[in-house]
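K.L.:
Quick one: the structure is below, and I'll ask about it shortly.
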Amino acid sequence: MRLVTPQQMRRLEELSDQNGVSYAQLMEHAGQQLSIFLLRQIRQKKGGKILFLCGNGNNGGDCFVAARLLSSQGVPVSVGLLCGIPKTILAYSMYKQLGDIPVLSSIAQIKEAIGIADFVVDGVFGTGFHGTLRPEQAELFALASSRFCIGVDIPSGGNAETGAVVPGTMRCRMTVSFGACKFGMVQYPLKTYCGEILVADIGIPESAYQQIDYPMAGITERMIANFLPSRQPDSHKGQFGKLLCITGSERMPGAAVMSAAAALRCGVGLMRLAVPRSVIAAMCARYPEPMYLPMQTDEKGFALSANGNMLLEEMAKSTAVLIGCGLGETEETKALVTRILQEATCPVILDADGINCVTGCIDIIKEVKVPLILTPHPAEMARLLHCTVAAVQSDRMEQAGSFAREHGVTLVLKGAGTIVATPEGAFVNSTGNSGMSKGGSGDVLAGMLASLVAQGIPPTNAACMAVFLHGKAGDCAAEHLSEQAMLPTDLIGELPGLFLKLEQRRHSD
Ligand SMILES: NC(=O)C1=CN([C@@H]2O[C@H](COP(=O)(O)OP(=O)(O)OC[C@H]3O[C@@H](n4cnc5c(N)ncnc54)[C@H](O)[C@@H]3O)[C@@H](O)[C@H]2O)[C@H](O)CC1
Ligand SMILES: [K+]
């Protein structure tokens, strides 16, 4: 599913206009698509009165078109003007074609109409919304939200760029978005205001989409199914990658266990696991598959930089390195992480403390000669950018995209609606649930991602696949264990079932 910012949408309209599909035609198509959708809704419900709530911009214009088309087919429709007579030339011309459709402009009339409508269509504000709602608007929106409300392009009050909402934003059961889903609608909190999202084709030429800078898309199962490495009957372990994990400390051995277990369950051929010597016996009892590389530690159990030479030798034999989960942030681990990055010979996945270790010298990652993937959660991202978590969360795509472009890396910005940003474009994930908001979920993701990269899947594809499956594993776990009680280790238990489905899908394709 394509995702666009409001600026990209304006560019698409402009390119479309230059390529023979005018602005007026786009609005006509948007209204047409909306009317077809509404007709289907009415048929399902065996009838229904429709009230269009319209603002004075083009979002209202789309509704005037739909109202005219539905009325011509005998559907009882009325229009409520919440911001007066339309201001744009296009919307005004559509408004003038309403004919004898009832137009309500007083608040009292509109309130009454909301009360008796079967469907309330929200065409008050689209991508042109800014500022806040006036109290009387918020009151009307609350009333409309209590009915079966259908969003036009985006729920009014939502920010199409960031996913922020103002108090009183319309709560829609379904939203019909034109040309492409707006990026903000797949981010929180706006996502929860959209209901089911449908994208309507309004005739924007394919060539216009191809000219958009920094394209974005939602991650789908169909997309990631193609990334699964093929396994030939005569294969051997050397063909499925060699992953070096530099993880764990005496205080956080669990992070090493979870990332390693997740990596093993994602199919890597061989794993070398560098962890503090003291935790190996316990880990090996649980997971005998990896080769263990004992690391020397300080008196608190954190790895020393003196392990560097041994790790570089091991890295030379590896196809990917995961560094950071549970490693700890000391002067010694900082030196170790820096050295691994500077001398890396295969793709590196930098997670958790691996990220924390480079926040003071972030420019070194520009010099890294191998593909680098960072997997920060919002707090780690804030540390990287030396800003607040709120600043990260207020414009996730901008922060993730700018970082990926400036540093030439793949950046996985975690949190609901995880973003995989690359220098060329971005992907957004929609799987997962709040049951995953528990310490250890990130270690599982890092292990999954590292395993896929080690198997030769290009970093961006691997990141999309890992975040999708990680969220899917969370959704499966929540179904039988509950969001409350499910644990990050349960995600690992769901992976075999998910890979089974992907393999079956591949065999049937
Ligand atoms: N993208 C496309 O290809 C198409 C988009 N269409 C529709 O057009 C809207 C965007 O229209 P625009 O006129 O730019 O903006 P809006 O309709 O969202 O509203 C702007 C309007 O509202 C005023 N306003 C904004 N914020 C507030 C506020 N807080 N309080 C009061 N008034 C406010 C602002 O001043 C303007 O007057 C897009 O979403 C699509 O639905 C096309 O019709 C089809 C092609
Ligand atoms: K709207």
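Every residue gets a Cβ built from N, Cα and C, even glycine.
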K.L.:
Going by the K(+) site in TrEMBL, where Asn59, Asp122 are listed, which of the candidates Ser22, Ser93, Ser156 is also part of it?
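P.N.:
So, going by the record in TrEMBL, that would be Ser156.
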K.L.:
Need one residue: from Gly439, Gly440, Gly442, the one TrEMBL lists with Lys414, Gly415, Ala416, Gly417, Thr418 for AMP.
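P.N.:
Same AMP site in TrEMBL: Gly442.
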K.L.:
Return the members of Asn59, Ser156, Thr418 (the binding-site residues) with CB less than 6 angstroms from at least one atom of ligand 2, or none.
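P.N.:
Going through Asn59, Ser156, Thr418 in sequence order, those close to ligand 2 turn out to be Asn59, Ser156.
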K.L.:
Around Gly61 ((6S)-NADPHX binding site), how many other C-beta atoms are within 10 angstroms of its C-beta?
P.N.:
30
K.L.:
Which value does the mean pLDDT take for the domain 'YjeF C-terminal' (220-502) in this predicted structure?
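P.N.:
Mean pLDDT across the domain 'YjeF C-terminal' (220-502) comes out at 96.
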K.L.:
Taking ligand 1 as the reference and 6 angstroms as the Cβ limit (strictly under), which binding-site residues among Asp122, His377, Lys414, Gly442 are close?
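P.N.:
Those binding-site residues that pass the cut-off are none, since no Cβ is under 6 Å from ligand 1.
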K.L.:
Taking the center of the Cβ atoms of Lys414, Gly415, Ala416, Gly417, Thr418, Gly442 at the recorded AMP site, which other residues in this chain have a Cβ no more than 8 Å from that point?
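P.N.:
These residues sit around the AMP site: His377, Pro378, Leu413, Ile419, Asn429, Gly432, Val467.
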